[in-house]
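The compositional bias 'Polar residues' annotation in TrEMBL covers 1099-1108. The domain 'Ig-like' feature in TrEMBL is assigned to 32-124, 129-219, 244-331, 336-423, 429-515, 519-612. Annotated domain 'Fibronectin type-III' per TrEMBL: 619-714, 719-812, 817-919, 920-1021, in sequence order. What TrEMBL lists as region 'Disordered' is 1086-1154. Annotation source TrEMBL lists signal peptide at 1-21. According to TrEMBL, the feature transmembrane segment maps to 1033-1055.
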Amino acid sequence: MRRPGDLLLVLLWSFTSGARSLNIPFEVEQPPTIINHTAGPVIALPFDNTLTIRCEARGNPPPEYTWTKDGQELNLPNIPTVKIDNRNGIFMFHKKHFGQFRGKYRCFASNKLGTAMTEEIEIVVSTSPKFPKETLDTIVVKEGYPITLHCNPPEGVAPREIYWMTQSLQHIKQDERVSMGTDGNLYFAYALPEDSRKDYGCNAVFQRIRTIVQKMPLSVKVERLEPQNNSSENVSPTLPVRAPSLLLPSGVQSEKLLLKGQDLHLECIPGGYPTPKMTWMKMGETLTDRIKLDNFKKLLTISTVDEKDEGKYMCMAENSAGKADHYFDVIVEEPPRWRAKPPQNQLSVNGSDVFIKCSVDGKPTPVITWRKNGKILQDDRENNRRVLDETVMLHKAGPEDSGVYQCEASNRHGSVLANINVLVMNIAPLMLTKDFQEYAVIEGGAIVMNCSVFSSPQSSISWTKEGTAVEGERFHVLEDGQFLEIIRAEKGDTGKYACMASNREGMSSLTALLEVKDPTKIVAPPRDAQISSGNLARLMCRSEYDRSLQGTFEVIWRKDGEEIFRSSENSFRYKMEGDQLQIRDVNISDQGSYTCIARTSLDEDTATAFLTVLDTPDAPMSLKILDQESRNVTLSWIPGSDHNSSVTEFVVEYEESHWEPGRWKELQKVAGNQATAELFLHGDLNYQFRVYAVNAIGPGPPSEPTERLKTPPAAPDINPENIRIHGHLPHEMEISWDPLLPTEYNGPGLEYKISYRKLEVEDKWHEHLVTRPSFIVRNTSTFAPYEIKIQSRNSLGWGPEPKPITGYSGEDIPTAAPHNVAVEVINSTALRVSWSPVLPATVRGHLGGYMVHWERLKSFLSPDKILEEHNSKSFPGNRSHVIVSGLKPFSEYRLTVNVFNKKGKGPKSDPVNFDTPEGVPEIVPVLIPRIQDDDTVLLEWGPPPVTNGILIGYLLKCNVLDKTSLEEIDSFELTITLPDVTQHQIVRPDKGSLFRFYLSACTRAGCGPAQLAENHSPPEKVGTEASNSTQRWFIGTLCAVALLTLVAVIVCFVMKTKGGKYAVKEKEDLFPDAESQAMNDDAYEYSSDNKQMKKPILDSTNDTVQDSISRDSLVDYSDGDGEFSEDGSFIGEYSGPRHRDFISEPSGPSTATA
């Protein structure tokens, strides 16, 4: 019992004590401190080979270890199966010694300054649990009476589970009547005949030691009640009502003791008939809402109890025959625990008072035992050492009072132990922080510089910067000066800082170096972006940082908070390229928030952008078919994710298993904002459907297919399309069409009914049934119109009524030639041809057009030479005049016209002869100016290779040029009337004049294109030898030109015989003729007789006269036999060069008639 004087002394010393709690730096000598040890109890399991007990402490000097067992010093045997580590207090022993080492252990760690100890460590050696061998009699009970089958399971290593089973390992069925208690016994509220059996087995399972033990089987015999007189012997009588009784627990009242934090289990198992119902209550209070009722309300559980759950509880069993109850006194106690925290280590100066308080709670109230260095500490007033319950007081403590004090609080539920290191000493300041420690901080940031000091008594600490005291609102001295904090650092804060610590035992100082650095900034942050799947994404992150921190600078990227290059399975697709993060082959999993972190060892800056990935839509889900009995069905679905790009359409596909199994075809498209489709299906098919979505990125994957849908057979829904009428022979008509697809049959037995009749006469319908998609009507009139219908049918009926179309029977070649053919010569290369069209009846087919043939008989330049130049040109459509170009000037021609159809050409018209007038010559091939002396220039040239008429002379135009700029300063023209002259001398107006010459050859039709030559060379004296040389050179040039001309003629002849083509556009481009341009109003094509067909030419431009043909025109054909294809083009022989000569002035209209 604490006396009043002792209480006053405790209060006085608690206010005057100079001790302070601390963490003693390891550099200072100090007693041991336990840092790790094995917590008890330790259970040695049967399958453990060894057991290790640990005890680790730190101290200066390093501690040594000893152990006690059951309060006695432990001397471990020196045998191989027991190993000791004296460095850290660990010992290990083999399983053969488990029984020998059972007991309670303490570890003691000691050095010259004291001894620390651990709590008791109990070693428990488990044994294999067993049921006792016993002989059990059969339990005999009357029907309707309660039964209790006792298990009495053996103790073992927790947890333990109990199961009641038969010998065939079938669980005993449990219900409201039959249940197992927490004690392991099996309880029957009342017995029934079916409860009789000889193999009730109680099984105990110990999971931690992997053991199952089984009790000897129990035998139960239930005796039937005697049946009433009027009852059959095989019918069980009605059970008499029995009042409730409690099979568990026994008696009227029991006590339940448990520790705070444990779970409370209260159990009442009743007997009686009918099975009693259970109710629970707490006397004087309402049951907490934390209760849980199990096993048909027979078990009440409250988890993690505390003092509020103490009290008196009652269970009541009730049926129609009465009631039974039981009372539980619930008591909640608590093992010792620290009221706030364990006592702390203390440092005191010599002569001060030391106060050690050990504040604990527990129920029952814990008993406190004080020790010093592991030995019991007694109250000693004479030496000023008081031990008063939870307090130890040391008055005027000295170095001899230093040591490890132990406070151990115990009650019947456990104990707690604290080791308190008490140092009583005087020591000058000891700097624990490194001198000349370097610190760095970012401008605007905060930095804390350390000046850790250990001293006794406590030191006074001050900070200076380069001899000046540190002051200001940005500077904070913390923890008695051991830390200097600078906030909102500035560049001027860079420098040397001094920390000085002093007490009455001495003084010490250190220097700290601070550097303020530039902050890290992201100057080009990433931006939100959208990108299509499969492309390369780029995210920019450019930053600036202090270059002195370059060695620690790094850029880190995180996606949705997770670092990319460390955690992502697809990190190989990420690449850092300069200031960019590149993501290859982007997919939808790459969508998210990307954070760029520019980081140094001092600071970091972050920027975030969101990457949106546009991808194809996900597959639709949950496809459903409605109205499955008809062929008009509704298909519905749930759209999948559109992956950030709106769905534009859904495509419904189908697959049928009869005609093309496994092949999916498009059936219908619906808008992207719909999730249903109305489908019209063909009959007699086994369908399944799937749907895929389409967005701007592309089509997504298809959905899972639906179940198969079998449509009923029906008559055809459609008739054949694309009906074609052919007439390969004059008296036949072939009818063909595109057959129905197999999926369009709608049923078996598909056929086609062909109906036809002749138009313009009274004719009946002729009908035929066929299965092939073609039919030939024979013995028809030539090119007669017919009305045709084709209708599909199958074994279930006819398709819809078809619409008739009109076609013609076979064609024949035309029988009449055009008459009144007239020719009007427009100019030297073009003429207008006119005629009277033939009668339609004589065409005997579809009119293809007219063909004009012309033959060049002779050239008036060589009248004695016989020419065989045949050309022809077809003109599609029904017309009566055309323009023919490409003729050669100054020639005699013969011309005929005939009509053609698809079958061939009709007879030619009577021939018409006409002449073409002269044209202008071609360009002079060569023009060479030569300076003879200072006053004259000699021009030499070659005659034109083609004159297109009688050459009458030349036209020479001279431009005088400025010597410096070469611009024209004067000009004059000169007509040379001698056609055979090939040179001319020009007198120079002054010495050194420069000229530009244009020379054209002329006929009576005009002058041709000009050849250009310039004189830019300085004057050159030309003597007799020079003149002869010039003549020789000129003759050589003319010979070369003649040779080249001969080669060209030979090449042209060879190409003509092979059907070659000649390009003459160059001359037309050089000398366009407005008159010729106006004539080019028809599309046509040239050909020569008995030659192959030529390709069409593009239409002419406005500047030149070109041969052209419309894409719809009929191709020319020759005099030989041939046919035109169905579209009107003639298939025959066609060849010959195309000529597009320059058209000179017209010589006046002239007409020739046959």
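Glycine is treated like the rest: Cβ placed from N, Cα and C.
Remember, TrEMBL labels are computer predictions, not curated facts.
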**Message:** Tell me if the domain 'Ig-like' (129-219) touches the domain 'Ig-like' (244-331). I count contact as 3 or more CB pairs below 8 A, with pairs 6 or more residues apart.
**Reply:** yes
**Message:** Before we move on, state whether the domain 'Fibronectin type-III' (619-714) and the domain 'Ig-like' (519-612) share at least 3 Cβ pairs under 8 Å, counting only pairs 6 or more apart in sequence.
**Reply:** yes
**Asked** Helix, strand, coil residue numbers for the domain 'Fibronectin type-III' (920-1021) per DSSP?
**Response** 0 helix, 51 strand, 51 coil
**Most Cβ pairs under 8 Å with the domain 'Ig-like' (336-423), selected from 32-124, 719-812, 920-1021** = 32-124
**Item:** Taken over the domain 'Fibronectin type-III' (920-1021), the model's mean pLDDT
**Value:** 86
